[in-house]
Amino acid sequence: MSKIGNSGSESKNTLYCSFCGKSQHEVRKLIAGPTVFICDECVELCMDIIREENKSSGIKARDGVPTPQEIITVLDDYVIGQQHAKRVLSVAVHNHYKRLAHQSKSNDIELAKSNILLVGPTGCGKTYLAQTLARIIDVPFTMADATTLTEAGYVGEDVENIILKLLQAADYNVERAQRGIVYIDEVDKISRKADNPSITRDVSGEGVQQALLKIMEGTIASVPPQGGRKHPQQEFLQVNTTNILFICGGAFAGLERIISGRGEKTSIGFSATVKAPDERCVGEIFRDLEPEDLIKFGLIPEFIGRLPIVATLEDLDVNALVQILSQPKNALVKQYQRLFEMENVELAFHEDALRVIAKKAIERKTGARGLRSIMEKILLETMFELPTLEGVQKVVISSDVVDGKARPLYIYSERVEDKENVSA
């Protein structure tokens, strides 16, 4: 009976966290307040929530707009490398929203909008940069694929549908939508199909460029609230696109040859000078980009004129891809480690294994976009087996596993019975 009494008194003296309900024996530290207790785990969780809120909403400057330094600091947490592109984007976005914040204060000088063109190899982070920027500024964001767009009246998507998507992202709040960001991907695919204007209409190339001119510069777009094609009986929402920031991105495959060959005069005969091929990587060649190169590629001068800010992105090397795998907040390695944690298993990668994964992605010429498919292939069998295996504590991935020369190393935890046998 005395034992029961002692256990009852012990349970009364045990303190519990007022938030998660864990006892003082289950946590490292329990902090007492006037009437409540909070454990160290709940404190860490609260700090994580506050940090994420600060990151998602952005740290506002005095005039309500994040400074370029604050924007680039947040970008560094999510995007590896591309320092030049980050600087160009952070300054451009800061100036754009500073212009909107001071628009009503002075009427003497009207500041024009500066849309942005991102040029870089596939998988180098163009789309991700635009998405992260919208999250920092906390404005509605939508992404459109230029390959699906056609001129009005033809089968395909009208350019007005881009504004409709932005309106949907703003929960049909027109005022918020008019300050949003639109990212148009694969803009290189709407280049003119030939150097000279064709007799037949190019409805998915030059025609789309012509259709985009007005909404990029600023116009009142009539948007059908339900989407789809317009009809006379339908009511329209009027959206002013003057203050919407347009960011266009594309890989521009073959543009590097136009840049390298600019100004070259070809000659034949024994006196002809033989020029060595440009051995620079694509990202380095893109740094010398001029508007005339984009015109030769197939963009019309009026379209290029609507994109005064050009940010070129570099190729990702092995070191950059290894950093992308492991360092950002939502890095691929961390994502798969979280998946394995759900099975109470620790996932570990050797450093040389990450380098082999990065080299495979470079060989595929898919940049950072190809990393996930490589990781899936490596971990497929392990993720299939784990839910049915018992006692697995840790899975280790080496370079041989990535190359297909070995299986992942499974480390099992000691069973309770084994421990008792050893102690006996």
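Heads up, the Cβ atoms here are built off N, Cα and C, so glycines get one too.
These figures come from a predicted structure and were not determined experimentally.
Record features (Swiss-Prot):
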- 5-58: domain 'ClpX-type ZB' (DOMAIN)
- C17, C20, C39, C42: Zn(2+) binding site (BINDING)
- P121, T122, G123, C124, G125, K126, T127, Y128: ATP binding site (BINDING)
*For the binding-site residues C17, C20, C39, C124, work out the Cβ neighbour count at 10 Å and name the residue with the minimum.*
C20
*Around the recorded Zn(2+) site, report the further residues of that chain (criterion: Cβ within 8 Å of the mean position of the Cβ atoms of C17, C20, C39, C42; site residues excluded), sequence-ordered.*
S18, F19, G21, K22, V27, L30, F37, I38, D40, E41, V43
_List of residues, in chain order, with Cβ under 8 A from that of G125 (ATP binding site) and at least 6 apart_ = V79, I80, G81, Q82, L313, L316, G367, A368
*asked:* To see if you understand the setup: which same-chain residues, six or more apart in sequence, place their Cβ under 8 Å from that of G123 (ATP binding site)?
replied: L316, A361, T366, G367, A368, R369, G370
*Cα-Cα distance linking T127 (ATP binding site) and C20 (Zn(2+) binding site), given in Å to the nearest integer*: 39
*What is the average pLDDT across the domain 'ClpX-type ZB' (5-58)?*
78
*Of the binding-site residues C17, C39, C42, which sits closest to C124 (ATP binding site) by Cα distance?*
C42
*C42 (Zn(2+) binding site) versus Y128 (ATP binding site) - Cα distance in angstrom*: 31
